Amino acid sequence: MAQPKNIVSTSGLSIGYKTKKTAVAIAENLTFQFGESKLITLIGANGIGKSTLLRTLTGLQKPLSGDVFLNGKNIQEYSASDLAQNLSMVLTEKLPPSNLSVFELVALGRQPYTNWIGKLAPLDIEKIIRAIQLTEIEHLAEKKHHEISDGQLQKVLIARALAQDTPLIILDEPTTHLDLLHKVSLFKLLKKLTEETGKCILFSTHDIDLAIQLSDEMVVMTQGKVVQGQPCNLIEQGVFNSLFQDENIVFDSQKGKFLFK
Amino acid sequence: MLSLGTLLLFFTNISLGSVTIPFKEVFHSLTGGEVSKQAWEYIIVNYRLPKAITAILAGMGLSISGLLMQTLFRNPLAGPYVLGLSSGSSLGVAFVILGSSFLPPILNSVLLSSYGIVLASTLGSFFVLLMVLIVSQRLKDTMAILIVGLMFGSFTSAIVGVLTYFSSAEQLQKFTFWSLGNLGNLSWTSIVVLTIAVSLGLTMGIFSIKPLNALLLGENYAKSLGINYKKSRFVIIFATSILAGSITAFAGPIAFVGLAVPHMAKLLFQTSNHFILYWSTLLIGASIMLLCDVISQMPGTSVTLPINAITSIIGAPVVIWLLIRKRNYS
């Protein structure tokens, strides 16, 4: 069997902020390998630097040292439009008010491929319809984006990222604001997408129980240490116990979930 | 259908005025045929036609710049004047008209000619335009540009206020007339200059349609779609400045059209797709301006009302009416 292709790889990556005089490192010497068809979750306590890591992996922020490779090419060397054909995102920010329909919103994902005025070619329409089918939002296509629920909107935004047709999709906390039912269905949808499209999907989340059960691999950020691995291996290594620096929260490795004292 | 309406309004506009010229004669005159009265031909070629063309240019230019600003600033209240351009031109004109008493008499007569006023107004809006462009290249936050524009506006109107305080009744009247807007009085040369400026701005607008659509998702999504945000923002601001600046220079500060017309287009077509909005805004803008001009001419009478008042009197109720009819507007 052929070795699965790596979509993202990093070497000796240090992330953090540069102020005028000093560089503040959040995490150092990070080595990741994200392969195709993999659902990867990024977890860590608030303020640990998940967003900084995502910003660095998406090329929005320069690493303090080391490199991020996307499809074998350094992410800093991509032009804006080339990057848009290799990496799509689902962000946490609210959409500005507009009268965009769901179909039009998904269609915007084709912008990196359309001509100067944004005309959709038959291939673009095909990709849009495929993205809508994969996320099962056919019944919403004609609705305005402000008429649908949060859970539905999240699916629409994922469809938009799918239409962008990139090997890597990064989502920033897509399950926030959703109830348990919709969280589970979103996890399952993302899982299904990695299997059916071969894409690598990386997303940050606070739903650790779900992440442990449903993701292929996890990146766990703790104070001073960032590890990547399969959920069962990470449990064996006892990584989750150091996730929260609080003695009232303990990870039960038998049950695979957190207990509170 | 919209373009047909615009065409019809174009002929109506030329036909009506203090002297009514029959439709048929207007058509003959414009297509190079015979006109039964020499005077009509003269009125059409030297007065009505330039005025109608100015109305179309102003209507299209102001409406499109309003559309650009509303999407760029994600603010339905934005119009071409949020950048402070008309205040800049008012300042230029105020300096010439109100400050003329401080200047030597020879300079005075040059400056107070109609060309002097156009020149002052152009310089004024160009000055603000330069400032806005410099500031916008330095500021990361797009909303801050909006505030800077408003600050420029308040600053210049305060100076105009000071100048007003020190000027004579005659000067004040002249300034007030200018500030009420005027679509007539443009020579064919001025119209050529205005046409070039407006076409340039409108073309830049067409090239902004794709980034504008991406901006409907917000700045960060637009960037993730490969849009060069800084460059697109610069083009959008530059287009607006050229449109609003040149129109204000030649026709005075015409209120409301830039704010209201994009909303009319959005309400009529129930879409945010700029590919549709651009063309509908263009045509509605031209139609509304022609209609307002017809009304301001008070057909059949010798009275002419200021165009600036008419645009607001017509525009405001139309927007309110549309809002109430389509309640699901956001």
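In case you wondered, yes, glycine gets a Cβ from its N, Cα and C as well.
Copied over from TrEMBL, here are the features:
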type     : residues  : note
TRANSMEM : B:52-69   : transmembrane segment
TRANSMEM : B:81-103  : transmembrane segment
TRANSMEM : B:115-136 : transmembrane segment
TRANSMEM : B:143-166 : transmembrane segment
TRANSMEM : B:186-207 : transmembrane segment
TRANSMEM : B:234-256 : transmembrane segment
TRANSMEM : B:276-296 : transmembrane segment
TRANSMEM : B:303-324 : transmembrane segment
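Beyond the ends of the transmembrane segment (B:234-256), by six or more residues, the same chain brings 54, 57-58, 61-62, 64-65, 68-69, 72, 79-81, 83, 85-86, 88-90, 118, 121-122, 125-126, 129, 132-133, 136-137, 145, 178-183, 186, 190, 193-194, 197-198, 200-202, 204-205, 207-208, 211-212, 307-308, 311-312, 315-316 to within a C-beta distance below 8 angstroms of the stretch. For the transmembrane segment (B:276-296), the neighbouring stretch richest in Cβ pairs under 8 Å, chosen from B:52-69, B:81-103, B:115-136, B:186-207, B:303-324, is B:52-69. Long-range neighbours of the transmembrane segment (B:115-136) within the same chain, counting only residues 6 or more positions beyond its ends whose Cβ lies under 8 Å from a Cβ of the stretch, are 83-93, 95-97, 145, 148-149, 152, 156, 178, 190, 233-234, 237-238, 241-242, 244-246, 248-250, 252. For the transmembrane segment (B:81-103), same-chain residues at least 6 beyond its ends with a Cβ under 8 Å from one of its own Cβ atoms are 69, 73, 111-112, 116-117, 120-129, 132, 145-146, 148-153, 155-157, 159-160, 163-164, 166-168, 171-172, 174-175, 178-179, 237, 240-241, 244-245, 248-249, 253, 255, 258.
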